[in-house]
C-alpha cells in the first residue's frame, strides 16, 4: 500500500514514468502527492514490474519541494526514449528512516508503538526494525527516553 510502480493518468490513459533522472527527490513528491509519509525511496529498472500501455513521462526532475509531479521539470507528455524495463517505482516506507539522538549515541529507530496499555498513551515500547516488531530493554531507560518516544508518537 506504500510502494509500487508509479503510474500517472493523462489524457484519458494510465501510463508509466521512465526512470531517466529518477531519484529520491522525485519519490518525495510522489509520496507527498499520494498523502503518504515515510522514507521516500526512488527505484528504477522496473523494480516493481514492467507496466503496459504508454510511457507518459520522462526526464522528471523534482526539487523535492513540489506538491505534485505536475510542478516538476519533465519532458512533454508522451515524449520519451524508454522501454518498460525502465519504469520508475517508489517506496514511501513508513517503517524506516527515523534517527533519534539518545544519551549521546546515534540510534537507528523505525516506527514506535505502545502495546498492552490501558489507553493509547501508555504501554510497552515496541519498535519496528528489519521487518519485525520488538521490545526495548529498560537498561538505562529514563524519563528522557520516554519523552523522546512520547514526542515521536505525537504526545506533548
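Any Cβ shown, glycine's included, is placed from N, Cα and C.
A TrEMBL annotation is a machine prediction, not a hand-curated record.
TrEMBL lists 18-82, 31-92, 62-72 with the feature disulfide bond. Feature annotation from TrEMBL assigns domain 'SRCR' to 1-93, 112-156.
Sequence features, as recorded in TrEMBL, placed on the structure.
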residue: 18; record: disulfide bond; Cβ contacts under 8 Å, 6 or more apart: 55, 57, 58, 59, 80, 81, 82, 86, 87, 88
residue: 31; record: disulfide bond; Cβ contacts under 8 Å, 6 or more apart: 37, 38, 40, 90, 92
residue: 62; record: disulfide bond; Cβ contacts under 8 Å, 6 or more apart: 25, 26, 28, 29, 69, 71, 72, 73
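Across the domain 'SRCR' (1-93), the prediction's mean pLDDT works out to 91. Ranking the disulfide-bonded residues 72, 82, 92 by how many other Cβ atoms lie within 10 angstroms of each Cβ puts 82 at the bottom.
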